[in-house]
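This report concerns only the one structure given below.
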Amino acid sequence: MLNPEQEAVANHLTGPALVIAGPGSGKTRTVVHRIARLIRKGVDPETVTAVTFTKKAAGEMRERLVHLVGEETATKVFTATFHSLAYHVLKDTGTVRVLPAEQARKLIGEILEDLQAPKKLTAKVAQGAFSRVKNSGGGRRELIALYADSSPYIERAWDAYEAYKEEKKLLDFDDLLHQAVHELSTDIDLQARWQHRARFLIVDEYQDTNLVQFNLLRLLLTPEENLMAVGDPNQAIYAWRGADFRLILEFKKHFPNATVYKLHTNYRSHNGIVTAAKKVITHNTQREDLDLKALRNGDLPTLVQAQSREDEALAVAEVVKRHLDQGTPPEEIAILLRSLAYSRPIEATLRRYRIPYTIVGGLSFWNRKEVQLYLHLLQAASGNPESTVEVLASLVPGMGPKKARKALETGKYPKEAEEALQLLQDLRAYTGERGEHLASAVQNTLHRHRKTLWPYLLELADGIEEAAWDRWANLEEAVSTLFAFAHHTPEGDLDTYLADILLQEEDPEDSGDGVKIMTLHASKGLEFAVVLLPFLVEGAFPSWRSAQNPATLEEERRLFYVGLTRAKEHAYLSYHLVGERGATSPSRFARETPANLIHYNPTIGYQGKETDTLSKLAELF
């Protein structure tokens, strides 16, 4: 059974339509019913195309359709991702030769070597730069503007790479959309065939589309403009990947005859969570005012105030344990973080309580490559030759473990190794320090040598600067464990600290089951009985950089909104008052969210006593 709002969408026949679907409103179910009804009304299933953003979503849509119209009919409906759609369009013109990502990277590496490009401009960095520019609809000019510090090598590499692909008639993954747009624009017969195939076109997660994808959709439309776009502007969180959520906000401008439907009913969360989410998103100027309604009653989210970050992590673990003891399955509990850089204290307290957990879409904190580099740096400074080899192999372009080992044995190093060797020398100068003096010395040394570390972080991040900053945040988080060690062991030296870390890492690896720890981005489309959003402090979420720009600040708030609306029964927000560098301020997102405030005291434990939020917050600020 569909509700009246869903029925209206499912019964839409022709003409453009925009479906604003709030979180938990059953949009996939509604869309699948619409496809089934089109077919039952006589529409040829081979003229229906549904586009999603992931293979998983396309598969889920296909499975649901099988239940409604049968497998034979369902397989005639074309369900695909944007890239799969582009590939099939191009395949219709003849043979499509796709250049695999690894081969592309190897080719770019050879080009850079021929150009004698600086060692810091690696194949991985250049490939990431090319991809980012293409996905945002740009080209050579935009590449030069974004990566001016790598000029002129990066544009020369671009030219040679593009020329090679053209000569060999190869397309890389990012070329598929651009080439499909080109072919549809210049081949009338091809466009006619695909307009027939996509006479009824449905696009899910429309708020995440970019300009290239939009141009592709326009070329597939017939004069009827049978496009149904489904999405939610308040859940647009991929601007950094080239998405432009103005496309959904301006849908009526692009399609003046469009019918707009709104799915207001949230079947996932109770009214306490829905009320809080609606309130926080009103602080965005660019938003969709969707009057979400819940079918169940429930309490507002709980806002937990802790004194320190370690206390906050303890509170998180205690909340999780309480729900587990009450019978909540561990896979129904999620801890959502702005970045996995913040997972370390959470992991530590969950291990202390022997709570099984799994990192979704990432490695356990100490297994991340940049954190491993941090440990190798300290072990090398402490005299471990194998760690010195690892440091040189990571930081010196073109120097793998074999060359690094030989250089260490002979004492003959290439000029490119100077900065890495200086970093190690500076760290060795402080190996005799203890406690906070040691922690401060390590922190200051890494900050002074950020230029030395940055190319490696950028390479790990596939050339995406924002992702490289996340890697840097992981390094800073690792250093914070040294400060925590110093606090508990004021006379502790470097070797004792390293032993402490290595002994901690002897704990058994996570099985993949248990409580979920993931980023807010990774939580999109998921739901959990219990959701925890910790470390809501200014400077972390939103980050200082995001807070400086109104557009990025609003995207951060949408990300918070997405996280909050994953919760079915219980939502917990938390922050701490004192960080490593002194007093902190609760995130504006926490302050904007109606919630019940609790003061956490680790000597007493989590009490669960609810108080009036507004009056308590008024006392704090």
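Glycine is treated like the rest: Cβ placed from N, Cα and C.
According to TrEMBL, the protein carries these features:
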DOMAIN    1-270  domain 'UvrD-like helicase ATP-binding'
BINDING   Ala21, Gly22, Pro23, Gly24, Ser25, Gly26, Lys27, Thr28  ATP binding site
DOMAIN    271-525  domain 'UvrD-like helicase C-terminal'
Checklist outcome for this item: When each of the binding-site residues Ser25, Thr28 is scored by other CB atoms within 10 A, the minimum falls on Thr28
Item to check | Gly26 (ATP binding site) CB neighbourhood, other CB atoms within 10 A | outcome: 20
Checklist outcome for this item: Simplified DSSP label at Gly24 (ATP binding site) comes out coil
Item to check | Same chain, 6+ residues apart, C-beta under 8 Å of the C-beta of Gly24 (ATP binding site), given in sequence order | outcome: Asn266, Tyr267, Arg268, Ser269, Glu527, Thr565
Item to check | Predicted model, mean pLDDT over the domain 'UvrD-like helicase C-terminal' (271-525) | outcome: 88
Next on the checklist: Other residues near the ATP site, CB within 8 A of the CB centroid of Ala21, Gly22, Pro23, Gly24, Ser25, Gly26, Lys27, Thr28?
Outcome noted: Thr30, Asp232, Leu263, Asn266, Tyr267, Arg268
Checklist entry - How many other Cβ atoms are found within 10 Å of the Cβ atom of Pro23 (ATP binding site), counting all protein chains shown? => result 27
Checklist outcome for this item: Other C-beta atoms within 10 angstroms of the C-beta of Gly22 (ATP binding site) total 25
Checklist entry - Under a criterion of Cβ-Cβ distance under 8 Å and sequence separation of at least 6, what residues of the same chain contact Lys27 (ATP binding site)? => result Val19, Ala21, Asp204, Val230, Leu263
Checklist outcome for this item: Taking all protein chains shown into account, the Cβ-based neighbour count within 10 Å for Ala21 (ATP binding site) is 28
